[in-house]
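The structure appears right after this line, and notes come after that.
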Amino acid sequence: MKPLTSLLLSAALSAAAPHPASPQAPLADIPSIVGETRTEFSQNSLDDVVNASPLLSFHRDLVSIESISGNEGAAGAFVADFLASHNFTVIKQPVTTESDARFNIFAIPESQYHSLDESHSSHSPQILLTSHIDTVPPFIPYSLHRDANDTDDRNILIAGRGTVDAKGSVAAQIFAALDILAAQPSAPLGLLFVVGEETGGDGMKAFSQSTHLNPSPSRFHTVIFGEPTELALVAGHKGMLGFEVAAHGHAAHSGYPWLGESAISAILPALARVDQLGDIPVEEGGLPASDKYGRTTVNIGRMEGGVATNVVPSKARAGVAVRLAAGTHDEAREVVLKAVRDVTGGDDRVVVNFSLEGYGPQDLDTDVPGFNITTVNYGTDVPNLQLHPRPDGKVRRYLYGPGTIHVAHGDNEALTVAQLEEAVRGYKKLIQAALDRSAS
């Protein structure tokens with residue numbers, strides 16, 4: 001999951017009006033749980049719990065495979081083999097034309113494969129469950145932890161890179177689909193597990209561009225995205241705009257700074273102004289806020305400049321991420337450009353480069369009862385999945401999954417057995433609601 005943004009929120013709570021995503025506070029202190037567990041319970045007893053559960057075993061095996069973005073092949077092959085052994089027809093979609101080492105996994109029940117080319121068929125996949133198999137670095141091995149005073153297996157903590165983001169969602173979605181298909185073999189389900197979500201979404205973009213897998217009109221009336229949402233349904237997430245502010249000057253000896261032009265001195269006023277844009281009212285040139293998402297936030301995440309303290313710096317640059325609470329990314333670009341021009345007096349040594357794609361806030365569906373409702377600040381593959389219109393109306397989009405974003409990219413990434421198991425039930429509830437809609 002792309003960084004920024006509560007642990008287990010009760011899935012039994014009825015739907016409520018969404019609250020702004022910022023600020024959110026963790027609901028449990030996972031670092032202390034991982035760091036302070038003792039060894040009164042043997043590792044064998046913890047392993048026995050996992051070995052006895054197909055869900056937990058699959059999750060363990062997937063997390064144990066390193067799949068940092070760009071190196072997803074082994075994890076993809078594992079998921080593809082598992083699905084094929086459970087009566088799915090699996091399509092490995094290459095993400096680049098240069099190599100087939102990186103691929104998305106698209107799978108449908110074998111009994112329905114003949115209808116894949118029939119986008120209007122009642123047996124073609126109409127409900128899509130999707131998440132991503134890539135993770136951020138570094139790889140952290142799978143491990144199990146239990147509080148010495150807690151004998152409830154549901155509270156066992158499963159730690160490691162990807163346990164939360166997003167291999168927990170991948171595992172729960174697969175086992176939810178298997179449960180549904182066992183009871184309803186003709187359920188029109190499709191599974192899509194993509195690469196590259198953490199680094200720009202090239203996997204989902206490749207799927208979107210496939211006329212075979214993503215035909216027009218769309219065969220899907222429901223898409224269920226898997227990300228760590230603390231088992232809440234997400235009413236939407238903020239938009240995103242990324243850019244670089246750069247400045248150039250002229251190098252000179254720092255003892256005679258008037259002989260040069262400092263790129264850092266030139267860029268500082270621009271960065272100071274950009275850093276405040278989320279706090280400035282729109283009528284005064286700032287970025288917009290909304291009741292649903294709160295205020296737009298700005299993060300200057302990286303800065304570079306100069307070569308030594310005794311040299312007037314000739315170059316400087318900074319990377320900026322804006323989480324948009326309202327408006328479009330095009331409108332936000334204009335706000336940023338005007339702010340930089342105004343504060344620098346139009347200094348042509350300072351430029352803004354919008355090299356990354358952006359998108360506005362993503363509103364999502366929350367019409368299935370029995371879930372807590374929230375909004376989040378982080379980005380997802382939701383805007384990267386571009387489905388074609390359907391003649392019968394819009395496609396419903398849901399965002400749900402186990403675990404919390406607060407640990408998703410940290411060295412304390414972990415979730416509990418209970419959260420993973422509850423996610424299976426939650427995904428089944430979302431699938432069944434979609435099946436009921438299509439039958440009515």
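Yeah, the Cβs are placed from backbone N, Cα and C, and that goes for glycine too.
The active site, proton acceptor feature in Swiss-Prot is assigned to E197; the stated evidence is similarity to another entry. Summarising the annotation, Swiss-Prot assigns Zn(2+) 1 binding site to D165, E198. Annotated Zn(2+) 2 binding site per Swiss-Prot: D165, in sequence order. What Swiss-Prot lists as N-linked glycosylation site is N87, N149, N353, N372, and the listing cites sequence analysis. Annotation source Swiss-Prot lists signal peptide at 1-16, citing sequence analysis.
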In three-state DSSP terms, the structure that D165 (Zn(2+) 1 binding site) belongs to: coil
Other CB atoms, at most 10 A from the CB of N149 (N-linked glycosylation site): 7
Winner by Cβ contact number (other Cβ atoms within 10 Å) across the glycosylation sites N87, N353, N372: N372
E198 (Zn(2+) 1 binding site) and N353 (N-linked glycosylation site), distance between Cα atoms, whole Å: 21
Count of other CB atoms lying within 10 Å of the CB belonging to the residue listed as 'active site, proton acceptor': 29
Distance, D165 (Zn(2+) 1 binding site) to N149 (N-linked glycosylation site) (CA atoms, angstrom): 28
Fewest other Cβ within 10 angstroms of its own Cβ, chosen from the binding-site residues D165, E198: E198
Between E197 (active site, proton acceptor) and N87 (N-linked glycosylation site), the C-alpha gap once rounded to whole angstrom: 27
